[in-house]
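Chemist: Before I ask anything, let me first share the structure, which is written out below as structure tokens.
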Amino acid sequence: MNVHDSERMREVLRGAGYAEAEDSASADVLVLNTCSVREKAEQKLRSEVGRLARWKREQPERVLIVAGCVAQQEGEQLLRRMPAIDGVIGPDNIAELPRLLGDLSTGGLPAVRTVFDLDAPRFLPPPRGGSGPTAFVTVMKGCNERCSFCIVPYTRGPERYRASDEIVAEIAALCASGTREVTLLGQTVNSYRDPLRALSQAPGADPEDPDESEFAALLRRIAAEVPALRRLRYTSPHPRHLTPSLIRAHAELPLLPRHVHLPVQSGANRMLKRMIRRYTREEYLARTRALCAEAPGMTLSTDIIVGFPGETEEDFEATLSLVEEVGFRGLFGFKYSRRPYTPALKLPDDVTEQVKSARLTRLFALSEALLGKHLEGLTGSVQEVLVEGPAKAGDLWSGRTGRNEIVHIEGASELDLTGEVVTAHILRANKHSLHGALTEAARAAARQPRARAQGSQARRALPVVNEGPRAEG
Ligand code: 5AD
């Protein structure tokens, strides 16, 4: 979501006549996009602004803006506490960035724009002039859950949904400019409601009816109306809204890859209850089992918090056993950190830092072992890979399988594979990725030779996010 917001800011500024600077030394304006989901992210902002205070002193007409969730959370206080900052802009106010900069350049005082666009939610358009093989498309923003640890409802506001017509049109436009894979974005993406449908819905229709999942209907509509799309992902769903109709969509739509990231947070019912997740371990297991049964070969990844208030050794072991039972092929693990405004502030943060670290280490060891075994098992197989671009190092191409495994492809440096869906023989497994070579059929079908004229666009290194289990922060 933050990567996507940064792209929107870049786009809005380009539209207003700004050009991207190579580095901060040559920049007149610097925008720091921030995350406040954990305390560490917030600390990063403080040290970064400290560093940039010198950048401002060198040329006082330089402008420093803080955007994103810390901006939303702290507002005016940021200006008071950190005088190097000239402007503060929340996630719903990105479109106002040029105006804020304009005001500052004509002598305006440091300003704060952090108002939720509740009445007329804005969903900014994607970049003009093409995008890469993979793209994000926002379908909703905000969050109506009240998970007790989470700051998101307070920094991103209540749920607001985008009309399905607009979503479909945006995906079609992206595909026309070369995008092959789209990830639908939302804080609880599968609680999506179509504002168009709400207008036409019969009075008395039960919005909780599992057969009425408007998210599943959206997936079906995209599949039917955008034939050029090769893969449709979404993130992040809430287990509570993994409805029978969404599970059926996974069984019926080949467009949906066999991978879902489904945050569970804990495997202990006592913790799930305190976290206000509104499902039990048993319900999570039943739903994921149903999903895997309907869509054979499905793999799952997840988010887990360790050291939530009151978490005992037994609770943590329940989490480990859940990870084994589901067989997650990737997980993001976090130490619990207290966040402003959240209901969990009332609970004592009683698991020591040392215990949190030890639990995280055990969790990652288990998850690495599960992933390692899974990747080993793919050696010798043939996988379909959407090539995203050249690998960061070596003369390799990088891409992902439908199940989100990263594949590096050797021996094809003379071809241009960016944006191609190719088949590859898997030769070996690395710790977090696979290494393969094109099949003969894929080699014969590939475009040759590589279109060098595409220059930097084609040679842009693949930003590998999500590569295997991730350490805290
Ligand atoms: N402490 C630790 N981790 C958190 N997350 C959200 N809030 C907190 C918190 N207060 C994690 C959850 C969520 C992911 C994006 O960040 O696991 O799914």
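Cβ from N, Cα, C; glycine included.
Any TrEMBL annotation is an automated prediction that lacks curation.
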Chemist: May I ask you to indicate which of 184-212, 445-473 is given in TrEMBL as region 'Disordered'?
Modeler: 445-473
Chemist: Same chain only, sequence gap of 6 or more: which residues have a CB within under 8 Å of the CB of C147 ([4Fe-4S] cluster binding site)?
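Modeler: In sequence order, the residues whose Cβ lies under 8 Å from that of C147 ([4Fe-4S] cluster binding site) (at least 6 apart) are Q265, M275, I276, R277.
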Chemist: So if I take the binding-site residues (C143, C147, C150) and measure from each Cβ to the nearest atom of ligand 1, which come out below 6 Å?
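Modeler: Near the molecule: C150.
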Chemist: Setting C143, C147, C150 aside, what same-chain residues sit with their Cβ within 8 Å of the center of the Cβ atoms that define the [4Fe-4S] cluster site, listed in sequence order?
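Modeler: These residues sit around the [4Fe-4S] cluster site: E145, R146, F149, I151, V152, P153, Q187, T188.
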Chemist: If you skip the near sequence neighbours and keep only those at least six away, which residues in the chain come within under 8 angstroms of C143 ([4Fe-4S] cluster binding site), Cβ to Cβ?
Modeler: C150, V152, P153, R156, P158, E159, Q187, T188
Chemist: Looking only at Cβ atoms, how many others are within 10 Å of the one on C150 ([4Fe-4S] cluster binding site)?
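Modeler: For C150 ([4Fe-4S] cluster binding site), the 10 Å Cβ neighbour count is 22.
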